[in-house]
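Noted in TrEMBL for the protein shown:
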type     : residues : note
DOMAIN   : 632-696  : domain 'CBS'
DOMAIN   : 729-787  : domain 'CBS'
TRANSMEM : 100-124  : transmembrane segment
TRANSMEM : 185-207  : transmembrane segment
TRANSMEM : 259-275  : transmembrane segment
TRANSMEM : 287-311  : transmembrane segment
TRANSMEM : 360-382  : transmembrane segment
TRANSMEM : 402-421  : transmembrane segment
TRANSMEM : 473-493  : transmembrane segment
TRANSMEM : 500-519  : transmembrane segment
TRANSMEM : 547-572  : transmembrane segment
Amino acid sequence: MEEELSPFVLPAEQVRPLNHAGLHWAKGVSSTTTPTEEMNGAGNLMDFLDEPFPDVGTYEDFHTIDWLREKSRDTDRHRKITSKSKESIWELIKSLLDAWSGWVVMLLIGLLSGTLAGVIDLAVDWMTDLKEGVCLSAFWYSHEQCCWTSNETTFDDRDKCPQWQKWAELMTGHTEGAGVYLLNYFLYILWALLFSFLAVSLVRVFAPYACGSGIPEIKTILSGFIIRGYLGKWTLLIKTVTLVLAVSSGLSLGKEGPLVHVACCCGNLFCSLFSKYSKNEGKRREVLSAAAAAGVSVAFGAPIGGVLFSLEEVSYYFPLKTLWRSFFAALVAAFTLRSINPFGNSRLVLFYVEYHTPWYMAELVPFILLGVFGGLWGTLFIRANIAWCRRRKTTQLGKYPVLEVIAVTGITAILAFPNPYTRRSTSELISELFNDCGALESSQLCDYINNPNMSRPVDDIPDRPAGPGVYRALWQLALALIFKIVITIFTFGMKIPSGLFIPSMAVGAIAGRIVGITVEQMAYHHHDWIIFRNWCRPGADCVTPGLYAMVGAAACLGGVTRMTVSLVVIMFELTGGLEYIVPLMAAAVTSKWVADAFGKEGIYESHIQLNGYPYLDVRDEFTHRTLATDVMRPRRSDPPLAVLTQDATTVEDVETLIKDTDYNGFPVVVSRESERLIGFVQRRDLTLAIKNARQKQDGVVSSSVVYFTEDAPQLPASNPQPLKLRRILNLSPFTVTDHTPMETVVDIFRKLGLRQCLVTRSGRLLGIITKKDVLRHMAQMMNQDPESIMFN
């Protein structure tokens, strides 16, 4: 009966909010309560919670909320507002304001998260270029912006302009030579180390919760877990600043996952402005689900994908009302980002592409092979990353997070600089890999040998033989692929903000582009093969390597996260490639099938398990033939269940029980002989009740009898005044019988969000099952360590 026991549930008409600092609530005098009932024939007995005071009914850190109680409290609040709205115009206006408060919160979340995402994008763009050089005309311009504003930029050399100078050129006046290259190399590493050191130092000193992706913790919080400070103001500020620094350092990480955390921090911030959300943890989680959708919306410029991502991947409880509000929040966030226009292309995303060639049925074979690669990569990454993170947690390595970040950054910068595909930011790399090769492209990926007799329009360039630039690019991409696969394993999970979407997409995009170029050249040189004969005639444009990069990116991202529907929608919103949904779906489904063959958990679920969070995944299946009696406590070798009796326990007995045990709550029975269940009381509320009664109620001493009945027990006149605590008693705790199958119990815990249930037989109390017991039992059935579940 330890650690996971329930908060109390008062009858609905007796619940009244207190203040916005947490879920502090207390009993107001019911309109149906008579003076006789209040007194219960016991002089001037005080029923606990007649006068409100702080901390009653709040949840402690690293504990689970009671979804049923939160739902009941919100229903009561709504009923009260509806009845009052008929009394006066002012009350009607207040009820309308309450109804609209949800939309106002969504509007504010969308505006703030969109603005922060735009600022982050602009800052990352500038600071990434700062590692290589500076704009002399305006130092706050990135390389691209600097050359946009230059009148001396030519189309062929649009990446070169006199206003933009590399550091070595600025210091030495030379643009070529080994010395110039080495100086630029050294300064690139120096800037990278500086950015990562600042990031890890700020996180370590000011906001430890600002590290990592944030999505595993967001999933856990949305399932009903309390992690105080994880969505606080300091976390929001430090995560925003350090996210810019971490991405700019050139590490193999992205900003997309952390932007979900940033948006949820915005949601939590605005929840505190409205008592409807600040005093109800269940309602707060509806807002956070919508905020997660806004986070993905601004991360990828994909508002519909953001809503589906929140529904499929993050949220635990997602009613229809939350779906509409998520849609609105994602829309506002996307509109705000579009207004800022951080990419300068009048579009929401950096990866927007336009392909001029349809895909052919025969291409489904390489698309599915890319799906297989994505599933294998996802499995490899999850297992290797979890093994490394576990090693970090259990060895001396975990004690030196700053040193680890500096070491990984140094290795990344040293290996990344010589290769042009790893030197640039990962987003720019993906953008280039997605692009189709038109007549105006200057990338070496588009260094094809042109036919001088070609007289086709620009948007219908036929397949051509690859030039030396393409073959050189293939070798560089192959090295970049190996580098990204290895370095991402060690980067994700360090004590800095680190997203996984972009690195995973980069791995897939590189593999996809290599496959795409290979298929393209095979089709050109062997167009008479039976596989190409029907759809790839000489002089036709029949293979689009950029499409293969897009499909590969979707496959690898799906293999790591196990997303399906939301992944496909995000990808076609991200690129504008609406007609390529079928290849994306084929790759995503194949990737998930292959990855699931090696293990059902995605990277976020694996990190939840690694951290020991009490997350009961709705997608897990429990098929073992066990009963509630096999899981409940106390076990046969354990001491009897710690219980309270309804009218035969003294204050001293209660205080001793609280002191000698660490249980979070106690069942209340008629007597120790009958063990017939009356209700359940929370440890924290017992402590507060007795403390308050000693301060405010005369005559309460250690020998005072505590009773939970409506009428006071018959006591000798010489006895001290008894203490009535019926109001903190949950009279309707959830119960199951000892022969209830655990399959049913697990389903009940999932669908009702229970913290615990009591086990009875014919009304007699036998034991208790907590959420932690359920998780331990499931882990044991899957041959995992049951003690890995660390929190309540």
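Just so it is clear, glycine is given a Cβ too, placed from its N, Cα and C backbone atoms.
These figures come from a predicted structure and were not determined experimentally.
The stretches the transmembrane segment (360-382) and the transmembrane segment (185-207) do not meet in space: the count of Cβ pairs below 8 angstroms, excluding pairs fewer than 6 apart in sequence, stays at fewer than three.
Between the transmembrane segment (500-519) and the stretches 100-124, 287-311, 473-493, 547-572, it is 547-572 that has the most C-beta pairs under 8 angstroms.
Highest Cβ pair count under 8 Å relative to the transmembrane segment (259-275), across stretches 100-124, 185-207, 547-572: 100-124. If one looks beyond the transmembrane segment (287-311) by at least 6 residues along the same chain, the residues whose Cβ comes under 8 Å of a Cβ in the stretch are 102, 105-106, 109-110, 113-114, 116-118, 218, 221-222, 231, 255-257, 259-264, 266-268, 270-271, 277, 317-318, 322-323, 325-334, 336-338, 347-349, 501, 563, 565-567, 569-571, 573-574. The residues of the domain 'CBS' (632-696), classed with DSSP into helix (H, G, I), strand (E, B) and coil, number 24 helix, 18 strand, 23 coil.
Ranked by Cβ pairs under 8 Å to the transmembrane segment (402-421), the stretches 100-124, 473-493, 547-572 are led by 473-493. Outside the transmembrane segment (547-572) by six or more residues, the chain places 296, 300, 302, 304-306, 308-309, 311-313, 353, 355, 359, 366-367, 370-371, 373-379, 381-382, 430, 433-434, 500-501, 504-513, 515-516, 519, 578, 580-581, 583-585, 587-592, 594-596, 600-604 with a CB less than 8 A from a CB of the stretch.
Beyond the transmembrane segment (185-207), the same-chain residues lying 6 or more positions past its ends with a Cβ under 8 Å from any Cβ of the stretch are 127, 130-132, 167-168, 232, 234-235, 237-239, 241-242, 245-246, 248-251, 401-402, 405-406, 409-410, 412-414, 417, 423, 494-497. Residues of the domain 'CBS' (729-787) grouped by DSSP class, helix first, strand second and coil last, total 24 helix, 18 strand, 17 coil. Per-residue pLDDT, averaged over the domain 'CBS' (632-696), rounds to 86.
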